[in-house]
């Protein structure tokens, strides 16, 4: 059932071609079949808006003829080519969303339970927020850390052996004397770090125990409590005294006694107290000649990165004979060779000898498991929410395999977490449209999982909202169905697929922009919300197809964080950490101040007094950042306030006066500014004579001028009492009168 496309002209129109109006299908057919000019114009209007008006009788006849003529069926090649285009159009977005689904499972960008339309997925309440204190966070973390350390120290590895299975062995005619158990020895192999003097990595083998394991037992008749078990203490996994252990492995060694019959007896020793290391080579050779076989297998517990490899569960290990697969210190590879032919893994377990056991990490012998259970990636049949522990629920004490616990867990979760209103399952149909034609319709689905990311939305409204917001490469239209809902899926031609990530990452290494290692700082922006409308109630009408046929575009609410700025001097991208500091702001660091003073000291065509004024003035301009002509009047007054005392103490008043006159010659300051600066300087000088400080100096005096300022006249030791001015040679008393 194809979707009905409504035209924008308000109906199918009138005339003979009214039945084909209302969409683009009838219009294109009318254009192809019409011969007269009136028919062409009528067909065009029909295809565009759905309205039609015959201008002459010839156009009506042409339109009627078009309706009578048989429509040619498209060739099979065109149909197949069109179908290939349909598959290609939907293939790329589907692959993208499948990839994002896997990445979001590993490192999610956001949590679905925090969304407003997914509030039913959030099972937590905010009751604890009333009593929450920031100071309690540290104590909670310390408590959790202490529990983990004590937990890891008390935990030990418990192995329960189900049996040793060797399917190739045929039962002996002497079944009464046939031995029905084998000797299993478990050793903990410690591969230590290689020291400088060592040629290879030192390997230590620590025996953990021997057990008699049943041979080819019938699991239906054997009780679980009768299986032999072995415990490995957690102290064995601590670093040794002489070497730092790199990895830990379990070595299983199964010894099967021989079958050589002599007076009704079977050769082979079953004593558990025999130490393997004390066995003599001659004795081993004799035992092998008698028919004794040894099978070995090795499994890694902790790898070189201290990652746990053996989790709780049931294991079946393929064993290999000692002669065929000698254990060496070289790097091991997984191989399965029988009669010169490589076998698939499942055939190995069906033909070769295997050892079955159950592994648990426990604090005590009857304690629950402490090691984390490996959870597979979520599928469309798995729930995303964690199961809440209810008072009536009883947990089994025995260890369950991962594959068994997964299926039973899902059933209990579905029964507990599914609300009553969703007990009645909805049938969801997905109909894929391409070029306004129905190309494919899926089978009915009884769940509300997203087909692209397998998210369980639980509600039809939440599913449609999720599809619309998270998979915007498609257009989803909701169509009511008596048994549920039909969702029309089409390609969003107006989708903006431009890069929306951090613009700084584009200028880094190739591929860095599309990687995600964690939260990063973005450019700070500010938006003013003038009006925040009230959130509308959830309604299914927002997912219906719009009447005008326009595609609803997702408006970008925030775009300032994607802007990219550049340094004007280096043309490098401005990082978000540098946004708070203006790169154009000319600060005066210490090295720049020293460089400025050094350059002024190198001048040879100015006297010492002018150099001192130039130093003070340049440092003053650099510090406050004066760059415009209209700032010079204020700069002069501020210079007098900050450096007036230095000018007076260093006898630089006449030099400063010449500097002001020079600035006036270049039209930088006015005469009024000169008068104000001189008046301010005179007041400061009068206060200094009275012993009062005019204003505190902002900078300390770096150099004391004991000699003359300009170098014209020399001051003798006899004339120091007069303190003559360096330029005019007038004494202080006459200088006061002039000022």
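Numbers here mean position along the shown chain, with the first residue as 1.
Even glycines carry a Cβ here, placed using N, Cα and C.
What Swiss-Prot lists as compositional bias 'Polar residues' is 704-715.
Residues or ranges marked as SUMO cross-link in Swiss-Prot: 72 (among others).
Summarising the annotation, Swiss-Prot assigns SUMO cross-link to 73 (among others).
For residue 75 (SUMO2 cross-link), applying a Cβ distance below 8 Å and a minimum sequence separation of six or more within one chain yields no residues. The annotation SUMO2 cross-link is assigned in Swiss-Prot to 75 (among others) on the grounds of a large-scale study or a structure entry.
Marked as SUMO cross-link by Swiss-Prot on the basis of experimental evidence: 75 (among others).
Feature annotation from Swiss-Prot assigns SUMO2 cross-link to 223 (among others); the stated evidence is a large-scale study or a structure entry.
Residues annotated as SUMO2 cross-link in Swiss-Prot, with a large-scale study or a structure entry given as evidence: 390 (among others).
The phosphoserine annotation in Swiss-Prot covers 20 (among others).
In this view, residue 541 (phosphoserine) is surrounded by 6 other Cβ atoms within 10 Å of its Cβ, with every protein chain counted. Feature annotation from Swiss-Prot assigns phosphoserine to 541 (among others); the stated evidence is a large-scale study or a structure entry.
According to Swiss-Prot, the feature phosphoserine maps to 546 (among others).
According to Swiss-Prot, the phosphoserine annotation covers 583 (among others).
Feature annotation from Swiss-Prot assigns phosphoserine to 726 (among others); the stated evidence is a large-scale study or a structure entry.
Feature annotation from Swiss-Prot assigns region 'Disordered' to 1-23 (among others).
Mean model confidence of the region 'Interaction with JARID2 and EPOP' (79-106) amounts to 87 (pLDDT, 0 to 100 scale). Taken from Swiss-Prot, the feature region 'Interaction with JARID2 and EPOP' applies to 79-106, supported by experimental evidence.
Per Swiss-Prot, the feature region 'Interaction with AEBP2 and PHF19' maps to 146-363; the stated evidence is experimental evidence.
Feature annotation from Swiss-Prot assigns region 'Disordered' to 378-399 (among others).
DSSP places the residues of the zinc finger (448-471) in helix, strand and coil in these numbers: 11 helix, 2 strand, 11 coil. For the region 'Interaction with JARID2 and EPOP' (79-106), the residues of the chain that approach it from at least six positions outside its boundaries are 377-378, 432, 434-435, 439-440, 452-454, 471, 473-474, 491, 516, judged by C-beta separation under 8 angstroms. Reduced to three states, the DSSP call for residue 541 (phosphoserine) is helix. Mapped onto three states, the DSSP output places residue 75 (SUMO2 cross-link) in coil.
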